[in-house]
Amino acid sequence: MFIIELIKGIILGVVEGLTEFAPVSSTGHMILVDDMWLKSSEFLGSQSAFTFKIVIQLGSVFAAAWVFRERFLEILHIGKHKHVEGDNDQQRRSKPRRLNLLHVLVGMVPAGILGLLFDDFIEEHLFSVPTVMIGLFVGAIYMIIADKYSAKVKNPQTVDQISYFQAFVIGISQAVAMWPGFSRSGSTISTGVLMKLNHKAASDFTFIMAVPIMLAASGLSLLKHYQDIQIADIPFYILGFLAAFTVGLIAIKTFLHQINKIKLIPFAIYRIVLVIFIAILYFGFGIGKGI
């Protein structure tokens, strides 16, 4: 049984790594894979299972931090500054770097404030299967609207052309995505595209903005619940973290490489299919009724 439970922990880490930064809602997938299937709370205990999810989320966040490590060093003025994104080498040499620490802070403020004010309310009232399905569906529609709009935009902006106003509006959408199932990246990438950024630029800023706020949120949660960690459960935490980190690295790099080509609609369609699947399990078979 111990080996089977370790495998379950690895599976959850893989799911977290695949979905945390993709616009598909990691919350929706964790409900489907864990709460409806693997049920980590049964072999870890409810409190330890909650802490386990924080740890594997940190694995994904560290993966994003590693992918963007050079950009973070540049934003913090550590190390050598690289060229600015532009259409050609001459543009890159002539433009000063525009993305800076203030952009990131401006984007973090709305979610930070609302998180402090409503975190307990959201955790108590919105973490249910029906509310997550609503978030998945509404988020999918928003992504489709953004993609349809982006097709009309000529010369979309790069991440180094982002303004403080754009950063703030994208930050507001990150706060809206606190609704479970809506998806932080789905919301912020869509908003970035609606603000005339290209898909890659919107994705880059989404990840750069998300890393510090998620590190802070997950770190605080871990400090609150670290006493729930049992020595016997440490192998689950280690393997889950490593799985989330490794798969997260691959998923993030692949996503960033392909997003300008595939856009958001394929992810939106997937989300709608996921809603239908969860609805069948929940309403048709009663699976997850206790969540």
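Glycine residues also receive a Cβ, built from the backbone N, Cα and C atoms like all the rest.
Features of the protein shown, as given by Swiss-Prot:
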TRANSMEM  1-21  transmembrane segment
TRANSMEM  48-68  transmembrane segment
TRANSMEM  102-122  transmembrane segment
TRANSMEM  126-146  transmembrane segment
TRANSMEM  162-182  transmembrane segment
TRANSMEM  203-223  transmembrane segment
TRANSMEM  231-251  transmembrane segment
TRANSMEM  267-287  transmembrane segment
Segment-segment contact (the transmembrane segment (126-146); the transmembrane segment (162-182)) at 3 or more Cβ pairs under 8 Å: yes
Cβ-Cβ under 8 Å with the transmembrane segment (267-287): same-chain residues at least 6 beyond its ends: 22-25, 28-29, 31-32, 36, 129-130, 132-133, 136-137, 139-141, 143-144, 147, 183, 186
Spatial neighbours of the transmembrane segment (231-251) far in sequence, C-beta under 8 Å, 6+ residues away: 5-6, 9-14, 16-18, 20-22, 44, 48, 51-52, 55-60, 62-64, 66-67
Range from 48-68, 102-122, 203-223 with the greatest count of C-beta pairs under 8 A to the transmembrane segment (1-21): 48-68
